[in-house]
Amino acid sequence: MWWDERVSARFRRNLQPTLTYWSVFFSFGLCIAFLGPTLLDLRCQTQSSLSQITWVFFSQQFCLLLGSCLGGVFKRTLAQSLFALFASSLAISLVFAIIPLCHNVVVLAVVMAVAGLAMGCIDTISNMQLVKIYQKDSAVFLQALHFFVGFGALLSPLIADPFLSDTNCILSNSTANTSSNLPHIRKSLVPHHPGNLSHYDLPMKGMVVTRVSYAFWIMALINLPVPIAVFFLLYKERMVPCFNSSSHPLLSADELAMETRPTEKDDLSTAAQRAQAAGGHDDLFSCCQSKNFRGASYTYFAVHITGALVLFMTDGIVGEYSGFVYSYAVEEPLSVVHKVAGYLPSLFWAFITLGRLISIPVSYRMKPATMVFINVVGVLITFLLLLIFSYSVVFLFVGTASLGLFLSSTFPSMLAYTEDILQYRGCATTVLVTGAGIGEMVLQLLVGSIIHDRGSYSFLVCGMIFGGLAFTFYAFLLFFHRMYPKPSADLDDASPDKPAITDDTGQYQR
């Protein structure tokens, strides 16, 4: 195997929970990319205007951010985390099943808000639990976790595509005048941002003819094994009240005896320290309590802030690029054919998924700090070349693929790097997930308004500026890392700068 025996043994001991967290992130990915291509059919289903239906995007993104902030509330015990993941993954299947029944845009927005809350909880809890299990070895497992997001994001549009309407899905007297606009509008509705579509006049009343319901029911069935997998983990961990007596621990009896065998140094005080160390990750509100700041150095806050700002920029670039690259391509000076330009968002997500797959073995051999450096420099250089060759359609496709590769592993690498700096005792996971979510939502709105006022070329200029800011914030993070106090036995137990006493056995802790 391409990793050493220690990591391999830890992975085997935690095989079921690790696979479960990966599968739950697949549910997260399914929900990311389906709204864009299906939004026009959903507009027909709800018989709403385009300005009304685009609020569905906002409800999902806002509640995703809210769910990311609140997700840490459910990590206080393993049981709370698993029940939250079970409820969230089951909610996503129910959302897919209910969407075809939503014939009012307000009801649809509420349903998508529920999906956003579930996605936010999944995002925070899965990252936290993998970091808690693997700690200094978590980088490779976080890369695999985020690969499943990309895989789900690729799969849901492919499932939806055969069921999308080729012509206007509301039949009325004006159908003949509007059906020719539909392919262009649909391609503009990419997964992250609907763009400015108010100038398209589509009929709101008439007979609805759409088959998109089948796509959502297929996705509901595909996602159904995920909550089942979480339930089996609850069962094996003896956390299902009706089945406590018949279940077994995750480790066999011999392994459990070896893991829990007391040594001269492993007394009750050490166990208490380990229990305290396990509580290093809290929800956003707990992280902001003054007791957590007692004795903390300024570099403790600086590491959190600069790490979150890097992801604010890079995740914001993912959102704004996937949301506006099509609009940029079809406008002058490139004037790409609409059907060809429609491949650009798919190409971007495909290379994000490929990059995350490649990063799984690479992250084991390369330090997270090095990977983040390569990522931010690669993003900056790619945008620079896109600006230089802004009249080349070929390089737009090459640059889109390159940007997807460099952005693919930024989040898991930054998470592993920042948690390692803080010795797994800060609130890095919660702060970074929240910062990334805010960046993805805010930068989309910002770039959309700038493009509307300054033209499509500003799309690349904004990306260049965001890439430069990401590199600058990363340079500050490296500086604060050098200034951050090294692990020392003299640090006070209550200080956030105290290093965690990690459990090298990698046993799945309750």
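Cβ atoms are placed via backbone N, Cα and C, with glycine included.
Note that TrEMBL annotation is computational and uncurated.
Model, not experiment: these values are computed from the prediction.
So that you can see what the record holds, here are the features copied from TrEMBL:
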type	residues	note
TRANSMEM	21-40	transmembrane segment
TRANSMEM	52-74	transmembrane segment
TRANSMEM	81-99	transmembrane segment
TRANSMEM	105-126	transmembrane segment
TRANSMEM	138-159	transmembrane segment
TRANSMEM	214-235	transmembrane segment
TRANSMEM	298-318	transmembrane segment
TRANSMEM	340-358	transmembrane segment
TRANSMEM	370-389	transmembrane segment
TRANSMEM	395-417	transmembrane segment
TRANSMEM	429-451	transmembrane segment
TRANSMEM	457-480	transmembrane segment
REGION	490-510	region 'Disordered'
Practice prompt. Answer yes if the transmembrane segment (429-451) and the transmembrane segment (298-318) have at least three CB pairs under 8 Å among residue pairs 6 or more apart in sequence, and no otherwise.
Written response: yes
Worksheet item: Do we see three or more Cβ pairs under 8 Å linking the transmembrane segment (395-417) and the transmembrane segment (457-480), pairs being at least 6 apart in sequence?
Response: no
Practice prompt. Six or more residues out from either end of the transmembrane segment (105-126), which same-chain residues have a Cβ under 8 Å from its Cβ atoms?
Written response: 21, 24-25, 27-28, 31-32, 35, 42, 46, 48, 52-53, 55-56, 59-72, 74-75, 81, 84-85, 87-89, 91-92, 95, 98-99, 145, 283, 429-430, 433, 437
Discussion item. How about the transmembrane segment (214-235) with the transmembrane segment (21-40) - do they touch, taking at least 3 C-beta pairs under 8 Å (6 or more apart in sequence) as contact?
Written reply: yes
